[in-house]
Amino acid sequence: MALLTAKTFSLQFNNKRRVNKPYYPRKALLCYQLTPQNGSTPTRGHLKNKKKDHAEIRFINKIKSMGLDETQCYQVTCYLTWSPCPSCAGELVDFIKAHRHLNLRIFASRLYYHWRPNYQEGLLLLCGSQVPVEVMGLPEFTDCWENFVDHKEPPSFNPSEKLEELDKNSQAIKRRLERIKSRSVDVLENGLRSLQLGPVTPSSSIRNSR
């Protein structure tokens with residue numbers, strides 16, 4: 001497996017709200033680990049966006065090409081620099097529904113267009129389809145650093161300090177994701193409340209009108 005350079009990890013998994021000078025594009029990068037339930041050696045790799053395909057679509061195609069044994073279960077963990085867009089979220093849900101022997105977990109360093117309703121709905125769609133989406137914290141950044149980065153040459157930064165910095169920055173992003181997830185809980189609670197209250201009668205409608 002080709003490994004990431006320490007510089008690529010530092011730049012692309014950078015989860016600061018704003019990039020410091022000199023500015024650079026924070027690209028979509030996906031690191032995946034496929035672990036068979038029988039205890040065999042995990043398969044790892046990483047993918048990035050290409051002109052026509054997002055990293056998530058390339059990941060789906062990569063897993064399909066492996067010809068996995070459908071009688072065996074696999075744990076799949078993905079570390080993404082950006083959370084999936086709505087289109088990719090839908091594709092991932094369809095993929096997992098068609099491949100019940102795969103258990104997919106997604107961890108993102110940053111939330112992509114998190115303020116847009118359709119991007120929030122994409123995240124909720126994944127979570128509601130048994131595809132957990134979480135923000136990367138210290139355990140995930142550490143695992144990504146240890147298993148997907150080439151350590152032949154010493155990095156230009158202190159790895160421990162970098163990982164602690166990433167974990168510190170992730171706290172606000174985690175709270176942001178929890179607020180998004182709470183929307184689905186609110187919608188469900190409101191729906192149940194409406195069912196319990198039953199239809200609004202004409203008289204009550206008049207009393208509650210403004």
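Just so you know, glycine gets a Cβ as well, placed from its N, Cα and C.
Looking up the ranges 8-36, 153-181, 182-210 in Swiss-Prot, the one annotated as region 'Necessary and sufficient for localization to the cytoplasm' turns out to be 182-210.
Just one of His54, His101, His114 is listed by Swiss-Prot for the same Zn(2+) site as Cys85, Cys88, and that one is His54.
Sorting the domain 'CMP/dCMP-type deaminase' (4-126) by DSSP state (H, G, I as helix; E, B as strand; all else coil) yields 41 helix, 33 strand, 49 coil.
Neighbour counts of Cβ atoms within 10 Å were compared for the binding-site residues Cys85, Cys88, and the top value is held by Cys88.
Each of the recorded positions His54, Glu56 was ranked by the number of other C-beta atoms within 10 Å, and first place falls to Glu56. Averaged across the domain 'CMP/dCMP-type deaminase' (4-126), pLDDT for the predicted model comes to 95. A Cα-Cα distance of 6 Å separates Glu56 (active site, proton donor) from Cys88 (Zn(2+) binding site).
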